[in-house]
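What follows is one structure encoded as structure tokens, with my remarks underneath.
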């Protein structure tokens, strides 16, 4: 076989580069739903394996049933939760025009604190500052909710893309896997190691971080409902987000909320909420999280927290997942770096 001339190689790589850039430009609007589809595909792959056995190895039917499972277990409840939260936000935002925070117990608690401190600092203003903070926060949430509602058609379209992409990932996943191995310049054992690390990272991030945080938010929301906190769904969602903060986690919301209830005169409710937060919500973080991430990536929690924040800043809402996964990919490459440099196989490394 004749070797290509230098001119042919240059021309080929030029065309290849142009084709690659144009392909990226065409596909870039859909990278977010494709990424989400890949995450959900990995997360629900154990269910897909069992479903495929149940339907006698029919790949198309198994893929369809798995996508339906994801739709009913994850996506529909999240959409319903978003609609309920939007109602609470808009309702609370409407009370701000009356000069109130929108939360009666917070108004009562701030009045008690303000009255006490004014005995020493007459010019002290707490209620106004709290009002401004809540107003700013609710305005930001309200604006984003309005943007979401106004873009509902685009949201439905992206949701359909996620589901369709998941279907093909499940049905043709092995072909995509073989294609990636065939075209990667790395040896297959390195490729398989990186892919395995990424699968573990996705599983760890979603189960260990996201699922734990959602569970904490759910339990906190139940506690808020039981002990009389207004808008429990909204505060439950805020608690789920706060659960990502290292060390303090969900307690940064639940404990101050209990203290505010006590200061507002609802002493038993406040004490009950604090005990609920410590015994149930906190237990999830101390017991469930280690169980869920026992096979996860060996990355310090603070670094994962920074990757979540950085991912949100750089990628937007999808950075909630993308940040930690990008970090895990980097650590996976670091893992095989010394092996490639030394020219050793993974089996040789294990032997030593």
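Glycine is treated like the rest: Cβ placed from N, Cα and C.
These features come from TrEMBL:
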TRANSMEM  9-27  transmembrane segment
TRANSMEM  33-49  transmembrane segment
TRANSMEM  61-85  transmembrane segment
TRANSMEM  147-170  transmembrane segment
TRANSMEM  205-227  transmembrane segment
TRANSMEM  233-253  transmembrane segment
TRANSMEM  260-284  transmembrane segment
TRANSMEM  304-334  transmembrane segment
Report yes or no: does the transmembrane segment (205-227) come within contact of the transmembrane segment (61-85), defined as 3 or more CB pairs under 8 Å with a sequence separation of 6 or more? no
So which residues does the transmembrane segment (33-49) touch in its own chain, when a touch means Cβ under 8 Å and the partner is 6 or more beyond its ends? 27, 62-63, 66, 69-70, 74, 158-159, 161-163, 165-166, 169-170, 173, 199, 202-203, 206-207, 318, 321-322, 325
